[in-house]
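J.: One structure follows; several queries about it will come next.
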């Protein structure tokens, strides 16, 4: 679906910077994105996970308000038309959307925010937040991706086939990401993810937004656009 409420911000990378950072983790189904994200969040209480709205039916053990805000197509479209979503997309026949107000409130308060998102959504977010960091998680091979999809036992064989067919076109968009992590060894992939978060927090724009008074006292000012 196309989000008609996307509002593009100025291209100055320092304009309107919030104290909090915005991370987007993108991956095809079965690449291990959610497992890596959960491990990252467990060891870093400064990151808030954005909970998306979706029209997808809940999977076993998924809770409304914890894993997703599960809603109807009618309610989703009303929210979309009202401009409530920072980004929205249709994936495998279901709609997903991210709350704009919640994201901005968290970042203004100094919290980092992480979005588990698809490549379409990442493109929409980057039009509005040019400092957003996209991290693409790749599997070590297509064979490994298929095996992981089968092992998790969440989808019927026809759904797995559809996800594998979609994975090729999805992974082609890894070229649009700032960083790529290949999830062959979980511990190594998690370490790389943690390093990318730490490096992002040390960027000039991020440090200036968090410590503006210190920078001004030291005579350090924002570069011109």
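For all residues, glycine too, the Cβ spot is worked out from N, Cα and C.
So Swiss-Prot lists the following for this protein:
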type	residues	note
BINDING	27, 28, 29, 30, 31, 32, 33, 34	ATP binding site
DOMAIN	20-198	domain 'Guanylate kinase-like'
J.: I'd like the Cβ neighbour count for residue 30 (ATP binding site), meaning other Cβ atoms within 10 Å of its Cβ, all protein chains included.
T.: 23
J.: Give the number of CB atoms, excluding that of residue 31 (ATP binding site) itself, located within 10 Å of its CB.
T.: 27
J.: Note the mean pLDDT of the domain 'Guanylate kinase-like' (20-198), expressed as a whole number.
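T.: Looking only at the domain 'Guanylate kinase-like' (20-198), pLDDT averages out to 93.
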J.: With the ATP site defined by 27, 28, 29, 30, 31, 32, 33, 34, which remaining residues of that chain have Cβ atoms positioned within 8 Å of the Cβ centroid?
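T.: Once 27, 28, 29, 30, 31, 32, 33, 34 are set aside, the remaining close residues are 137, 139, 145, 148, 183.
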J.: Tell me, if you would, which residue among 28, 32 (binding-site residues) has the fewest other CB atoms within 10 Å in the structure shown?
T.: 32
J.: Could you tell me which of these binding-site residues, 29, 33, 34, has the greatest number of Cβ atoms within 10 Å of its own Cβ?
T.: 29
J.: Kindly assign residue 29 (ATP binding site) to one of the three DSSP-derived states: helix, strand or coil.
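T.: Note: residue 29 (ATP binding site) is coil by DSSP, not helix or strand.
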J.: Give the helix, strand or coil assignment DSSP yields for residue 34 (ATP binding site).
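T.: Where residue 34 (ATP binding site) sits, the three-state DSSP reduction gives helix.
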